[in-house]
Amino acid sequence: MHIYSHQQSWKILLFGAINLICIGFLLMWCSSTNSIALTAYTYLTIFDLFSLVTCLISYWVMMKKPSPVYSFGFERFEVLAVFASTVLAQLGALFILKESAERFLEQPEIHTGRLLVGTFVALFFNLFTMLSIRNKPFAYVSEAASTSWLQEHVADLSRSICGIIPGLSSIFLPRMNPFVLIDIAGALALCITYMLIEINNYFAVDTASAIAIALMTFGTMYPMSVYSGKVLLQTTPPHVIGQLDKLLREVSTLDGVLEVRNEHFWTLGFGALAGSVHVRIRRDANEQMVLAHVTNRLYTLVSTLTVQIFKDDWIRPTLSSVPIANNMLNLSDHHIIPMPSLKAADNLNPVTSTPAKPSSPPPEFSFNTPGKNVNPVILLNTQTRPYGLGFNHGSAPYSSVFNQGFGIPGMGATQGFRTGFTNVPGRYGTNTYGQPRP
């Protein structure tokens with residue numbers, strides 16, 4: 001949808017054209033009257049032109065959709081427009097202060113012919129523009145930013161007046177619109193200037209009024225520029241920190257959630273809060289269910305939310321290469337069957353199958369090295385125990401497929417055990433040659 005197809009956009013363009021005409025007339029009257037106070041007041045009309053451009057950008061942002069380049073949308077464009085407008089207004093106020101300091105050294109004569117006319121023309125157009133155009137960005141900033149010194153003084157005065165006339169509390173309290181306030185205060189300063197120049201030809205009051213208007217402009221725009229600058233820096237708004245902490249505590253107590261960490265929340269635009277958070281859950285928890293609950297809790301405050309769910313990573317046991325402790329095996333329940341040595345392979349190299357040199361040290365995996373070639377075979381004791389654990393104790397028949405043992409040259413094939421070796425005695429408590437074990 002194009003921006004010019006919106007009816008409100010044409011209204012903003014119309015007011016912008018009238019604003020340019022009004023600025024042209026005011027600048028001519030500033031030159032004819034030689035009044036720097038009227039020039040300072042004209043800068044407020046120029047600021048109104050910036051606010052109309054900001055309002056037009058706001059409608060353009062509403063029509064645009066997020067793109068792959070701008071995945072969070074275009075809300076930051078209107079924040080940048082507000083920041084630029086307020087900063088330019090403050091630069092104009094600084095320029096007025098500089099010109100006023102020069103005029104204190106040599107005060108020129110002020111002509112009051114167009115001074116009062118220009119004051120009322122600028123006041124009428126500024127108020128008419130603010131009341132006719134709903135400027136969403138500046139309306140939000142004026143309420144969210146901290147109050148200016150002008151608003152605080154007027155609020156103190158308003159409380160005193162409302163104490164006498166309670167009906168005015170709806171107009172002056174809790175605080176007035178800063179733009180309307182500065183327009184009225186500036187027009188009041190110009191009216192006082194006009195009267196003092198007409199009565200006493202006191203030209204220095206024009207410079208004093210210019211300084212007052214510049215200070216009020218700077219004091220009004222400064223809190224807004226600070227607030228919009230913090231939004232551009234992606235800081236967390238102070239007024240939502242307490243609510244965010246409460247929501248995060250609620251999320252951490254959800255079923256299946258173990259930890260909430262790496263949380264980061266920032267203001268994406270005016271009234272739009274974005275954030276990201278990592279949630280660690282149990283291995284048996286449902287990821288989609290936890291994600292739905294976390295999003296439901298935080299979405300009430302955070303409009304653009306990114307939640308990363310990852311399950312708890314248990315520490316897997318690793319195989320240890322250290323020797324087994326003595327208390328882990330009961331030697332009364334287990335027996336070690338030594339394997340027969342192969343004398344025929346003493347002079348062979350196990351790697352090359354060639355005779356080894358007599359002078360060379362024995363190879364690492366030599367067959368005659370104890371404990372290097374074959375690990376001991378551990379079998380459960382089959383003797384009957386006085387206690388029963390549901391196991392079948394006793395001698396097991398050896399008529400299975402293991403009866404066909406592997407014969408060793410020179411020994412023949414006899415009855416084989418489950419170890420797959422032959423010529424092993426039938427009684428576990430004897431050695432290979434049938435002698436009693438010491």
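Cβ coordinates are placed from backbone N, Cα and C, and glycine is handled just like the others.
Quick look at what TrEMBL lists:
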DOMAIN    13-233  domain 'Cation efflux protein transmembrane'
REGION    349-370  region 'Disordered'
TRANSMEM  12-29  transmembrane segment
TRANSMEM  41-62  transmembrane segment
TRANSMEM  74-95  transmembrane segment
TRANSMEM  115-133  transmembrane segment
TRANSMEM  179-197  transmembrane segment
TRANSMEM  203-222  transmembrane segment
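A contact between the transmembrane segment (115-133) and the transmembrane segment (179-197) is present, since 3 or more of their C-beta pairs, 6 or more residues apart, lie under 8 Å. Note on the transmembrane segment (74-95): residues 40, 43-44, 46-47, 50-51, 53-54, 57-58, 60-61, 64, 66, 137-138, 141, 214-215, 217-218, 221-222, 224-225, 228-229, 231-232, 268-270, 272 of its chain, located 6 or more positions outside it, place their CB under 8 angstroms from a CB of the stretch. Count of Cβ pairs under 8 Å against the transmembrane segment (179-197): among 12-29, 41-62, 203-222, the largest is for 203-222. Within the chain carrying the transmembrane segment (203-222), a Cβ under 8 angstroms from the stretch's Cβ atoms is held by residues 35-37, 39-41, 43-44, 47, 86-87, 89-90, 92-94, 96-97, 99-100, 103-104, 107-110, 148-151, 178-179, 181-182, 185-186, 189-190, 192-193, 196-197, all 6 or more beyond its ends. Long-range contacts of the transmembrane segment (12-29) within its own chain (CB-CB distance under 8 A, at least 6 residues past either end) are made by residues 38-39, 42, 45-46, 48-49, 52-53, 55-56, 59, 114-115, 117-118, 121-122, 125, 129, 132-133.
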